[in-house]
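Peer 1: Below is the structure I would like to discuss, written out as structure tokens.
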Amino acid sequence: SVGFKAGVKDYKLTYYTPDYETKDTDILAAFRVTPQPGVPPEEAGAAVAAESSTGTWTTVWTDGLTSLDRYKGRCYHIEPVAGEENQFIAYVAYPLDLFEEGSVTNMFTSIVGNVFGFKALRALRLEDLRIPTAYTKTFQGPPHGIQVERDKLNKYGRPLLGCTIKPKLGLSAKNYGRAVYECLRGGLDFTKDDENVNSQPFMRWRDRFLFCAEALFKAQAETGEIKGHYLNATAGTCEEMMKRAMCARELGVPIVMHDYLTGGFTANTTLAHYCRDNGLLLHIHRAMHAVIDRQKNHGMHFRVLAKALRLSGGDHIHAGTVVGKLEGEREITLGFVDLLRDDYVEKDRSRGIYFTQDWVSLPGVIPVASGGIHVWHMPALTEIFGDDSVLQFGGGTLGHPWGNAPGAVANRVALEACVQARNEGRDLAREGNEIIREASKWSPELAAACEVWKE
């Protein structure tokens, strides 16, 4: 027969291939699929594979000019989700050639670009991605990574302490710098611009940069410790963002900050390259993540956004707090914390990790615990996150009845007490409150903080 068979086609004939052996170079994806009533799971899984790779809704003449077998995504396994009716995990393998090297932007446009609006699906969630080593090697990754950061800061054997300056909107640059100085002087390692502090009428970015730099050099001179303030370089255009980053470098500060989801992966990767070339650390905030990751059956899990950030580049990223949440969430959070920090992470479904991930020596990212935490949480945080983390107390520092500096002192004393207790072999989970109480006998600042935030 001449020509080809026209017409709308069944996806599963071409894109559902249960005998496919995945290649080491494939990008693997685990999707949680909720098909519309009457759509078989194989067809739904195949539709996802097709729509996110070579497929289109009908047979086209130009299909004859290419090798589908070489370029198509394949749904190679489907399993029902325990405890949910009509939900399936569809595993899809994508050939590496479908993706541009070193572009998180292109990876996401391909894998999650179009398929989420697909009619045959009621909902779709990307749960995990396996990034093959061949693709990982096309990315620079974090500007410096955990070890280099410790060496730059000369801080070892403990988590780092931070604080977001509040009220986040409305302070003048001079008063903002003053708040930064008080916190750093009191014993914090870092202070942070809030994610929505960019360059507003009440405080233009250059004024803030200047006063914050002054504050941190003064605190550095007085304490003999290296200090940092995350200067938020996020801006409306990439050019403006780079201008801010360059200004930070000229001031000689150690670290800048970026909102990677609202700023976009292209901007973030550009900034990460600049940071490595110019010796700046890069702190990443995840504003907008809940828009993408909060629904259990639709969107993308945060572990995917975290992996994407490690490829794109950042030295710190916000990762939730775990404290006071459900146990299950603790395991899941620790799963993606390991994916950020470790070089090799084994598949472990109980921790939400669908694929073994080998990062082939890509530098690690330090997770940042932030949001609603205070001194009584310190033992749990030290135990859960370990040394390679930043613990960020905004209200938990600035809410201290005696002011910012005593608030900073309280947090530092609590942290040092927890680290010492851990190193002496005490059980932080069981004796946490006792450890904090003992320490507060020697520190009136900590005692006052313990009073304000009673567990």
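Using the three backbone atoms N, Cα and C, a Cβ is placed for every residue, glycine included.
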Peer 1: S67, S361, S370: which one does Swiss-Prot list with N114, T164, K168, R286, H318 for the substrate site?
Peer 2: S370
Peer 1: Quiz question: given the binding-site residues K192, R286, which has the greatest number of C-beta atoms lying within 10 angstroms of its own C-beta?
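Peer 2: Highest number of other Cβ atoms within 10 Å: K192.
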Peer 1: If you count the other Cβ atoms within 10 Å of each Cβ, which of the binding-site residues N114, S370 comes out on top?
Peer 2: S370
Peer 1: Give the distance between the Cα atoms of K168 (substrate binding site) and H285 (active site, proton acceptor), rounded to the nearest whole Å.
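Peer 2: Per the Cα atoms, K168 (substrate binding site) and H285 (active site, proton acceptor) stand 15 Å apart.
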Peer 1: Run through N114, T164, R286, H318, S370 for me and report the binding-site residues whose CA is within 10 Å of the CA of K192 (Mg(2+) binding site), in sequence order.
Peer 2: T164
Peer 1: Could you check which of these binding-site residues, R286, H318, S370, sit within 10 Å of E195 (Mg(2+) binding site), going Cα to Cα?
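Peer 2: Neighbours among binding-site residues, in sequence order: R286.
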Peer 1: By a simple count, how many Cβ atoms lie within 10 Å of the Cβ of T164 (substrate binding site), its own Cβ left out?
Peer 2: 24
Peer 1: How far is it from T164 (substrate binding site) to D194 (Mg(2+) binding site), counting Cα to Cα, in Å?
Peer 2: 6
Peer 1: Would you mind pulling the longest C-alpha to C-alpha span across N114, T164, K168, R286, H318, S370, which the record has binding substrate, in angstrom?
Peer 2: 37
